[in-house]
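Participant: Before we start, here is the structure in question, set down as structure tokens.
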Amino acid sequence: MAAMMQKSAFTGSAVSSKSGVRAKAARAVVDVRAEKKIRVAINGFGRIGRNFLRCWHGRQNTLLDVVAINDSGGVKQASHLLKYDSTLGTFAADVKIVDDSHISVDGKQIKIVSSRDPLQLPWKEMNIDLVIEGTGVFIDKVGAGKHIQAGASKVLITAPAKDKDIPTFVVGVNEGDYKHEYPIISNASCTTNCLAPFVKVLEQKFGIVKGTMTTTHSYTGDQRLLDASHRDLRRARAAALNIVPTTTGAAKAVSLVLPSLKGKLNGIALRVPTPTVSVVDLVVQVEKKTFAEEVNAAFREAANGPMKGVLHVEDAPLVSIDFKCTDQSTSIDASLTMVMGDDMVKVVAWYDNEWGYSQRVVDLAEVTAKKWVA
């Protein structure tokens with residue numbers, strides 16, 4: 001049901017009250033863990049960087065301590081764009097400029113630095129444990145490795161990695177394979193985070209022979225507001241005026257977290273004039289004969305079990321805006337599940353390509369933190 005979808009506290013939904021006993025217990029947990037938190041820096045304070053900070057701020061008992069942000073715009077831009085967001089609305093937190101190199105979020109001070117060269121960042125002197133790499137630029141071993149050269153211990157790339165030997169993780173699918181010795185990891189793409197969980201269910205329950213995917217995806221900052229030069233001639237066209245066919249590696253990338261599917265999936269993207277929330281349309285041939293109700297039952301079992309909080313099954317006839325700021329990686333539109341000839345399965349799944357993805361970045365960062373303090 002729509003009412004069951006998890007919403008963040010700072011999108012306007014009510015927060016349930018806790019008893020005094022529970023509140024004291026929660027504070028005790030925080031006190032115990034405080035000295036064990038890892039120090040986190042965000043490199044690139046764009047859409048994912050700011051969504052990540054809001055998601056992190058909404059967590060309780062987190063093992064992450066965000067202490068620095070590298071943003072070329074400085075404190076004025078960082079504080080203003082964090083507080084006021086055209087998609088997310090006004091941040092309920094108290095965001096202030098402390099001085100020319102610090103902002104505060106509900107009293108929590110965060111240092112703002114500005115350098116386009118990761119080698120010049122003060123990660124060593126700040127004892128940074130983990131860098132959230134959110135620029136979309138430093139996504140290979142050489143680029144991301146510059147953060148480690150600058151003194152950070154680890155890097156989490158918020159995009160598909162360019163080097164095959166950088167491990168990729170999708171929470172709900174293969175995060176259990178994470179090892180503390182990995183210096184650089186990738187959280188894959190937002191579309192892979194939507195696709196991989198329910199594809200895993202299909203593979204385990206029915207066996208996938210082959211398939212294709214189309215993601216109808218909200219426009220992103222990589223596109224042009226008006227027609228202008230771009231390496232992709234379709235993305236060169238005005239994003240708010242067109243449906244823009246383009247490439248996506250999301251389907252192929254599923255095999256990075258589900259090796260049994262290597263060579264079995266492919267797909268394309270259609271960029272559309274909406275600011276956030278996208279939808280995947282997957283068609284696969286399966287080995288085991290099935291029917292729509294059985295497919296949805298498999299999704300419900302996963303949503304109530306091992307993929308709780310990552311996968312959601314929606315029965316109401318909703319539209320894209322209804323999925324804005326949903327915490328899950330993927331919301332199956334149950335009424336649109338189809339089976340043709342008992343072995344061709346069509347699944348439609350919604351996802352907030354900014355918010356839901358950023359929640360998984362926080363989750364994966366927490367996975368690394370738990371290995372640190374174990």
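Keep in mind that glycine also has a Cβ here, set from the backbone N, Cα and C atoms.
Found this in Swiss-Prot, in case it helps:
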BINDING   R47, I48, D71, R116, N353  NADP(+) binding site
BINDING   S189, C190, T191, T220, R235, T248, G249, R271  D-glyceraldehyde 3-phosphate binding site
ACT_SITE  C190  active site, nucleophile
SITE      H217  site 'Activates thiol group during catalysis'
Participant: Under 8 Å between C-beta atoms and at least six apart in sequence, can you list the same-chain neighbours of G249 (D-glyceraldehyde 3-phosphate binding site), or say none if there are none?
Facilitator: P160, S189
Participant: What does DSSP say about G249 (D-glyceraldehyde 3-phosphate binding site): helix, strand or coil?
Facilitator: coil
Participant: C-alpha of I48 (NADP(+) binding site) to C-alpha of C190 (D-glyceraldehyde 3-phosphate binding site): distance in Å?
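Facilitator: Approximately 10 Å lies between the Cα of I48 (NADP(+) binding site) and that of C190 (D-glyceraldehyde 3-phosphate binding site).
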Participant: Far apart in sequence but close in space: which same-chain residues, 6 or more away, have a Cβ under 8 Å from H217 (site 'Activates thiol group during catalysis')?
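Facilitator: The answer is T191, T248, A269, L270, R271, V272, S278, N353.
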Participant: Where the distance is taken from Cα to Cα, which of the binding-site residues R47, D71, R116 turns out closest to T220 (D-glyceraldehyde 3-phosphate binding site)?
Facilitator: R47
Participant: Using a 10 Å radius around each Cβ and counting other Cβ atoms from all shown chains, which of the binding-site residues S189, T191, T220 yields the largest count?
Facilitator: T191
Participant: Taking Cα atoms as reference points, rank the binding-site residues R47, D71, R116 by distance from C190 (D-glyceraldehyde 3-phosphate binding site) and give the first.
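Facilitator: So, spelling it out, the nearest of the binding-site residues is R47.
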Participant: Taking the Cβ of R116 (NADP(+) binding site) as reference, which residues of that chain separated by at least 6 in sequence fall under 8 Å from it?
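Facilitator: Same-chain residues close to R116 (NADP(+) binding site) (Cβ under 8 Å, separated by 6 or more) are S72.
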Participant: What residues, ordered by sequence, lie under 8 A Cβ-to-Cβ from D71 (NADP(+) binding site) and sit at least six positions away in the same chain?
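Facilitator: In sequence order, G44, F45, G49, Q77, A78, I112, V113, S114 meet the Cβ cut-off.
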Participant: Quick check: in three-state DSSP terms, what is H217 (site 'Activates thiol group during catalysis')?
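Facilitator: DSSP call for H217 (site 'Activates thiol group during catalysis'): strand.
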Participant: Return only the integer: C-alpha distance in Å from R235 (D-glyceraldehyde 3-phosphate binding site) to R47 (NADP(+) binding site).
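Facilitator: Approximately 19 Å lies between the Cα of R235 (D-glyceraldehyde 3-phosphate binding site) and that of R47 (NADP(+) binding site).
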Participant: Within the chain of R47 (NADP(+) binding site), which residues six or more apart in sequence place their C-beta under 8 angstroms from its C-beta?
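Facilitator: The answer is T220, G221, E354.
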Participant: Quick one: give me the count of other CB atoms within 10 A of the CB of T248 (D-glyceraldehyde 3-phosphate binding site).
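Facilitator: Total other Cβ atoms inside 10 Å, all chains included: 23.
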